[in-house]
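J.: Could you have a look at this structure, given as structure tokens, before my questions?
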Amino acid sequence: MQGGNSGVRKREEEGGGEGAVAAPPAIDFPAESSDLKYDESDVPAELQVLKEPLQQPTFPFAVANQLLLVSLLEHLSHVHEPNPLRSRQVFKLLCQTFIKMGLLSSFTCSDEFSSLRLHHNRAITHLMRSAKERVRQDPCEDVSHIQKIRSREVAFEAQTSRYLNEFEEVAILGKGGYGRVYKVRNKLDGQYYAIKKILIKGATKTDCMKVLREVKVLAGLQHPNIVGYHTAWIEHVHVIQPRADRAAIELPTLEVLSDQEEDREQYDVKNDESSSSSIVFAEPTPEKGKRFGESDTENQNDKSVKYTTSLVIRDSGELESTLELQENDLAGLSTSSIMEQQLPLRRNSHLDDSFTSTEESSEENVNFLGQTEAQYHLMLHIQMQLCELSLWDWIAERNKRSRECVDESACPYVMANVATKIFQELVEGVFYIHNMGIVHRDLKPRNIFLHGPDQQVKIGDFGLACTDILQKNADWTNRNGKRTPTHTSRVGTCLYASPEQLEGSEYDAKSDMYSLGVILLELFQPFGTEMERAEVLTGLRTGQLPESLSKRCPVQAKYIQHLTRRNSSQRPSAVQLLQSELFQTSGNVNFTLQMKIIEQEKEIAELKKQLNLLSQDKGVRDDGKDGGVPV
């Protein structure tokens, strides 16, 4: 080895000089560089390392993963906190914590994804339920824990509602015999809508399909004087009732009003739920109703006492607990007259007589003796165009101004032109729905709205024809089984309902014409007090009219008498009313022509503006051609 080395050194010395070439090294190392380069020839394109400084990679499914994590957090919040209000607060707190930790983006926690999280939550619930069923082996094991978990699941499912997840409830706008109307804000588009919620009795699949078909017909109405219907859907409402150790209770109806109370309710409806909470009970129908406090000795054993009472619990800061039921889900419904599911809850030795649901309530607060029964009633939701000013509000404001005016000649409080415009648009809307084969059956100032700066008339709150499966808020019959005069036998308030409606006989489109006659009187006759109004409107049934109205507005008075005739066949139709002298007087014609002239002037101004823009564009193009260089 030493000799070899000396030979190499000798050859190097002999070949030394400036032109000598050094022998290549045995291993060729690349030059040092701050950016390491790798052989990427065999690496797929989607996995190649970027040449830029190392960054946390972002994948297309990162948002989906975060949404799933947010859905899991919401699911855990609902399971561990049954109270809807507090569970939402817990969910928001968890989201804020995960956002601060950098595990979530605030974007994925926004309300715009609430409907998507709803589908995730349902899938998680069904997955957990299936997994537990597969793991459970012993059918004789203790079911108390399972029952508790099931009650938690019901509490969660009650909150996975389309209404609760997609809308924020702002205020109550009104209530009627079959439902309440709420002002809501859509969490996704931020727009305000009106949603009417109608409670349906225990119904079959056929009944539900009938309701949905009719709602779809209403949603298809397209007319300037009809409130726009956007969509409709059905959700479940869980009603929990005691079964074994509690007697059947005939709960007092809170919605039954006297004649005077009915009139006062018209003024106070917007402040109806300003208090902390209220409970609305619908008519109970056990086999043998007992008065509050009475016991039923026949049902003190293990026999189940089934209820069909619908219980809707409201609170100022809390919504009803509902579970969405889409139309496609109706195929799975049973054909029984009522849909119900046995739901045993934990036993307790105390049952509070005043069953309330506030933000402090939870499973620990809602305790019943023995087993309980949860009945699944249906809640129909109808999303409509928001119209906050009703004709009732307009008339009330007009009456207020009339009371403040001392000199009638100096204060034209009747405003005949405006009243005629309102009534004409109302008749045009009624003519449209009658031509579509629909009878409104509940026309009154509170169901008629004035929309926009020009106060365009909008007819809303259509009564459903299938009223036999709708859950009324009160029992309109007295103890003798006869109809009380406070309300109609079907739908509508007695002051505006036709005689055939009050008598419970057959009625048709002419029943709406009677209501139009009453509204026509209110438009042209101010009232100083509510008692005066009730007396005058009641007198219409016997053909009595105020003398001042007959002298001041003879044409209107004539048609009021025609419209309120007892014999429905003698009442004019909507098309006959539109062709009558009621809308053909010189004053009305002048007013209509003035409105058309104003509209035509606006249209002409808009066309002139468009022509100017077109001429300017043409001039710019011509200048570009002359200059040779386009701008």
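Including glycine, each Cβ sits where the backbone N, Cα and C put it.
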J.: Given 1-34, 341-374, 477-510, which one carries Swiss-Prot's region 'Disordered' label?
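T.: Residues 1-34 are the ones Swiss-Prot records as region 'Disordered'.
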J.: According to Swiss-Prot, which of these ranges is motif 'SIFI-degron': 85-104, 425-444?
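T.: From Swiss-Prot, the annotated motif 'SIFI-degron' range turns out to be 85-104.
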J.: Could you work out which of the recorded positions (HIS80, LYS175) has its C-beta surrounded by the smallest number of other C-beta atoms within 10 A?
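T.: Least crowded of the recorded positions HIS80, LYS175, by Cβ count within 10 Å, is HIS80.
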